[in-house]
Structures are given as C-alpha cells and as structure tokens.
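Asker: The following block contains the structure, expressed as structure tokens.
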Ligand SMILES: CC(=O)N[C@H]1[C@@H](OP(=O)(O)OP(=O)(O)OC[C@H]2O[C@@H](n3ccc(=O)[nH]c3=O)[C@H](O)[C@@H]2O)O[C@H](CO)[C@@H](O)[C@@H]1O
Ligand SMILES: C=C(OP(=O)(O)O)C(=O)O
C-alpha cells in the first residue's frame with residue numbers, strides 16, 4: 001500500500017506555487033467538447049489523476065488530445081460516441097459533466113449513474129431537472145442515464161433547489177448551444193463557475209451573470225476552440241496556508257487569489273494568523289499561539305466544505321473549544337476518527353463537530369478517507385510528535401500535484417513510499433494516460449469494426465443495413481453534428 005510518511009515538528013518556511021484548479025479544469029475540459037471548430041489550448045492544467053480520467057473520457061467520445069508542460073490541446077470537431085464509459089465514470093463523479101456538452105452538441109448522451117461517495121449521497125437530480133426543462137427526455141435504467149433531445153435543446157428558466165456547482169456548470173454548457181435564452185436561478189457562485197463562463201464566452205458563447213445567483217445564457221449556433229488559462233486552485237492554496245499556520249511557519253503561497261479565499265483568510269486571521277497579500281500571492285505567518293473559532297461550511301462565498309477538514313486540523317492545535325458545522329455534505333466528518341488516532345479531541349453530534357483544542361498531537365498510522373481528509377491528515381502530521389503514516393493516498397492524488405515535493409521544499413520531513421505493487425512514476429503515469437486514450441479510441445473503433453465485419457460477412461446485408469448497424473455504435477445526432 002502506497003503511503004506518505006511525515007515526521008512532525010518542522011517549521012515550514014519559503015515559497016510554494018499553487019497549481020491550476022482541479023474543480024475549474026474538469027468542467028473546462030468537458031466544455032471543450034462544445035467546439036465544432038478549432039482547437040482549445042488550455043494552460044495551467046494540473047497533472048492530477050482526475051485530469052487523467054477526464055482526458056480518457058473525452059478521448060473515448062472521439063476528441064483528440066495531447067498534454068505537455070501543463071498544457072492540454074483538445075480538438076473535438078469529430079465526436080464518435082455519445083457514451084461515457086462506465087469504468088471511467090465510476091472512478092470520478094465529475095465525468096458526469098460531459099452530459100451537458102454532449103446533449104448540446106449531439107442531442108444525446110448516455111452516462112452511467114455516478115454513485116455516492118464517502119462524503120455523501122450526492123444526487124444529480126438538479127442536473128437532470130435542468131436538461132428536462134430544456135426539452136431533453138431522460139431515461140434511467142441498468143445503472144445508466146440516457147438523455148435525448150428532440151432537435152436542438154430549448155432555452156428555459158431553471159430554478160435550482162440547491163445551488164449546485166456541478167448542476168450550474170452542466171446546465172450552462174448545455175445552454176451554450178441551445179435555441180434561445182436559458183436563465184439559471186439560485187445558481188452556484190464559485191470562482192470555478194466564473195472561470196468556466198470566461199472560457200465559454202471566449203469560445204463564442206454568450207453567458208452573463210456568472211458569479212452571481214442568476215446566470216443568463218443566450219444560445220449560439222457554433223462555438224470554436226480557444227486558448228484559456230485555468231485559475232489557481234483555491235483549495236490547494238488554502239491547504240498550504242493551513243500547513244504554514246499549523247507549523248508556526250512563514251510561507252508565501254504563490255498564485256493564491258485573496259478574493260477566492262476570503263472566508264478562509266477571515267477565519268485564519270480571527271485565529272491569530274497573519275496574512276498579507278503580495279503582488280503574486282499570499283504570505284502566511286503564525287508567530288503566536290492560535291485561538292479556536294467556530295466554522296460553518298456554506299456554498300461560495302461561504303466557508304468551503306473542501307477546506308473543512310484542513311481547518312479542523314488547525315483547530316485541533318489551537319487554544320479553546322471550536323465548533324465546526326458541515327452544511328454542504330451530510331457525511332464529511334470521516335477524518336475525525338483518524339484525527340482521534342493522533343490524539344485529537346473531537347466529539348461529533350450530527351453535522352457538528354466540537355473540537356477541544358490545544359491537545360498535543362502524536363504520530364500514528366492513519367488512512368485518508370477522501371481527498372481533503374488526506375490533505376488534512378498530512379497537515380496534522382506536520383505538527384504531530386513523531387512519525388505519521390498516511391495511507392489511502394490515491395485520494396490525495398486526485399487533487400494535489402506533488403504534495404510531498406511541495407511540502408518538502410518548505411522544510412517538511414515528508415516522503416512518499418510506493419508499494420512495490422503500485423510503483424507509478426510520473427512518466428509511467430503519462431504513458432498510462434497515453435495508452436488509456438489510445439485504448440479508449442481503439443475500443444470505440446473496434447466496436448464499430450466488429451459490427452461492420454458481421455454485417456459484411458452476411459450476403460443478405462444491404463449497404464443500408466450496414467450503415468444502420470454502424471450508426472448504432474456512433475452518436476445518433478439530432479442536431480448540428482459537424
Ligand atoms: C468537481 C467539483 O467541482 N467538485 C466540487 C463540487 O462538487 P459538486 O458539483 O458535486 O457539488 P454540488 O455543489 O453539486 O453539491 C452541493 C450539495 O448539493 C447537493 N446536490 C447536488 C446536485 C444535485 O443535483 N442535487 C443535490 O442535492 C449535493 O448532494 C450536495 O449536498 O462542489 C462541491 C461543493 O462546493 C465541492 O465540494 C466539490 O469539490
Ligand atoms: C469533493 C471534492 O471533489 P469531487 O467533487 O471531485 O469529489 C473535492 O475536491 O474536495
């Protein structure tokens with residue numbers, strides 16, 4: 001089992017560069033499917049497992065992609081399938097974000113139901129409600145969701161019952177090529193929504209109001225691939241801010257955007273951390289004992305749920321009692337049990353965790369239960385007495401580029417130990433990615449070939465029937481395929 005080993009007690013000092021945002025790049029790569037013309041060149045694409053998976057999904061749909069020096073080039077002029085493979089969707093929920101672009105572009109999409117996960121059930125009813133309002137017919141069965149539009153999608157007024165990030169993004173993408181205007185009310189306001197809107201607008205879409213609760217999208221007929229740079233990852237930035245503070249360090253978090261991190265900065269300042277904005281990021285210093293605060297997670301601009309566990313790590317070593325309330329996901333306290341193995345003193349009551357701070361942490365063997373829980377355990381380990389072993393680090397690889405290298409460059413004593421069975425170097429990962437894309441493309445081609453061969457083998461099969469058979473495997477567009 002691969003693990004991260006940390007020997008606590010080092011004060012972190014220096015500069016750490018934030019990578020492009022995972023939660024911005026995933027919808028942006030899905031949106032690249034909307035371009036009937038040209039190539040998209042996306043800069044600051046982080047080298048993450050989730051990015052690897054979405055690339056494979058796009059390749060399986062017929063897009064051609066290449067990735068070098070944090071830049072992804074995508075051409076989606078010719079799509080060859082409307083089905084996102086089950087094996088990829090089950091590995092990453094965000095694969096569901098291709099449904100909006102596929103529906104808009106091809107008039108149909110078939111995607112396996114993304115299941116729940118450790119942090120909650122995570123339904124997709126608001127995505128589907130939006131597509132239905134735009135005229136799509138949704139059918140569910142055998143673990144798949146199929147959506148079909150009779151002609152072009154139609155603009156509609158959609159009120160989201162919850163300000164879902166994914167639903168807002170999926171509907172925005174579907175609406176970009178729809179006929180008429182779509183209004184999303186109670187839309188999510190996250191910076192990643194604004195980044196997606198900027199990319200869509202550069203491609204020729206007309207999206208207004210992103211970043212507010214009401215987004216209006218005027219549908220256009222064609223979109224073109226363009227250049228775009230992804231925003232810095234505010235959650236990665238926040239994680240290094242916590243790492244700096246928990247060790248009483250002095251760290252410059254390069255690329256961090258203060259505005260995107262306003263609630264995190266406010267809470268950390270309330271605790272006694274000094275945070276100053278620089279020309280290129282944020283300087284974070286903790287030079288005195290910190291005091292506990294109460295934190296409640298909320299949709300943006302509230303305190304992000306993706307920073308809750310890291311914040312809890314900091315609260316464990318701060319003076320006094322703190323109360324953390326999780327309102328976004330119903331099961332996002334799985335890290336508490338692991339913190340307790342490190343001597344954290346925490347009591348959970350429903351969606352509230354009460355932290356009795358100031359108790360010295362000790363190193364232990366712990367397991368990352370989800371992505372941010374893994375990062376939070378690493379933060380806690382930085383200040384724990386002795387050695388901590390964090391397993392389950394495949395979760396961490398979904399969202400952090402080289403977390404061990406970045407922390408080590410700040411002075412942490414940290415190393416990653418690969419289990420013999422899953423030694424995967426960066427270049428091997430790239431190779432896997434390349435062959436994954438190749439395999440996905442050949443799977444689609446092979447499927448088509450098999451039917452073609454069967455059809456050709458039969459004398460009675462007319463040319464017309466052969467075409468029909470092949471078209472079963474390919475998208476059956478009802479509108480504007482180019
Ligand atoms: C890839 C990505 O960007 N992931 C982020 C995105 O996830 P994601 O887009 O999945 O999160 P949502 O904003 O959709 O979920 C927020 C809440 O709405 C509920 N809900 C959502 C959709 C729906 O159709 N019905 C419904 O009830 C969810 O169960 C959850 O309780 O936003 C979350 C909330 O900030 C972050 O934690 C994730 O890191
Ligand atoms: C929950 C997260 O991501 P996802 O929605 O991709 O699971 C996260 O980034 O913390």
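Any Cβ shown, glycine's included, is placed from N, Cα and C.
According to TrEMBL, the protein carries these features:
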- 117: active site, proton donor (ACT_SITE)
- 22, 23: phosphoenolpyruvate binding site (BINDING)
- 93, 122, 123, 124, 125, 126, 306, 328: UDP-N-acetyl-alpha-D-glucosamine binding site (BINDING)
- 463-472: compositional bias 'Basic and acidic residues' (COMPBIAS)
- 6-407: domain 'Enolpyruvate transferase' (DOMAIN)
- 117: 2-(S-cysteinyl)pyruvic acid O-phosphothioketal (MOD_RES)
- 463-482: region 'Disordered' (REGION)
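Just tell me what is around each of these and how deep it sits.
Answerer: All protein chains considered, the CB of residue 117 (active site, proton donor) has 14 other CB atoms within 10 Å.
Long-range C-beta contacts of residue 23 (phosphoenolpyruvate binding site), restricted to its own chain and to partners at least six residues apart, with a cutoff below 8 Å, comprise 165, 190, 192, 233, 235, 306. In the three-state DSSP classification, residue 23 (phosphoenolpyruvate binding site) falls within a helix.
Annotation note: residue 306 (UDP-N-acetyl-alpha-D-glucosamine binding site) sits in a helical segment as assigned by DSSP.
According to DSSP, residue 117 (active site, proton donor) is assigned to a strand segment.
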Asker: Please determine which of the binding-site residues listed here (125, 306) has the lowest count of neighbouring CB atoms within 10 Å.
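Answerer: Output over binding-site residues 125, 306: least Cβ neighbours within 10 Å is 125.
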Asker: What kind of secondary structure is residue 93 (UDP-N-acetyl-alpha-D-glucosamine binding site) part of, going by DSSP in three states?
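Answerer: DSSP call for residue 93 (UDP-N-acetyl-alpha-D-glucosamine binding site): helix.
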Asker: Restricting to the binding-site residues 124, 126, 328, which ones have a CA within 10 Å of the CA of residue 117 (active site, proton donor)?
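Answerer: The binding-site residues passing the 10 Å Cα test: none.
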Asker: Under a three-state reading of DSSP, tell me whether residue 123 (UDP-N-acetyl-alpha-D-glucosamine binding site) is helix, strand or coil.
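Answerer: Residue 123 (UDP-N-acetyl-alpha-D-glucosamine binding site) sits in coil per DSSP, no helix or strand.
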Asker: Return the members of 122, 123, 124, 125, 126, 328 (the binding-site residues) with CB less than 6 angstroms from at least one atom of ligand 2, or none.
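Answerer: Those binding-site residues that pass the cut-off are none, since no Cβ is under 6 Å from ligand 2.
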Asker: Taking the Cβ of residue 122 (UDP-N-acetyl-alpha-D-glucosamine binding site) as centre, how many other Cβ atoms lie within 10 Å?
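Answerer: For residue 122 (UDP-N-acetyl-alpha-D-glucosamine binding site), the count of other Cβ atoms within 10 Å is 16.
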Asker: Using C-alpha atoms only, work out the spacing between residue 126 (UDP-N-acetyl-alpha-D-glucosamine binding site) and residue 22 (phosphoenolpyruvate binding site) and round it to an integer in Å.
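Answerer: Rounded to a whole number, the Cα-Cα distance is 22 Å.
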Asker: For the domain 'Enolpyruvate transferase' (6-407), what's the model's average pLDDT?
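Answerer: Averaged over the domain 'Enolpyruvate transferase' (6-407), per-residue pLDDT gives 97.
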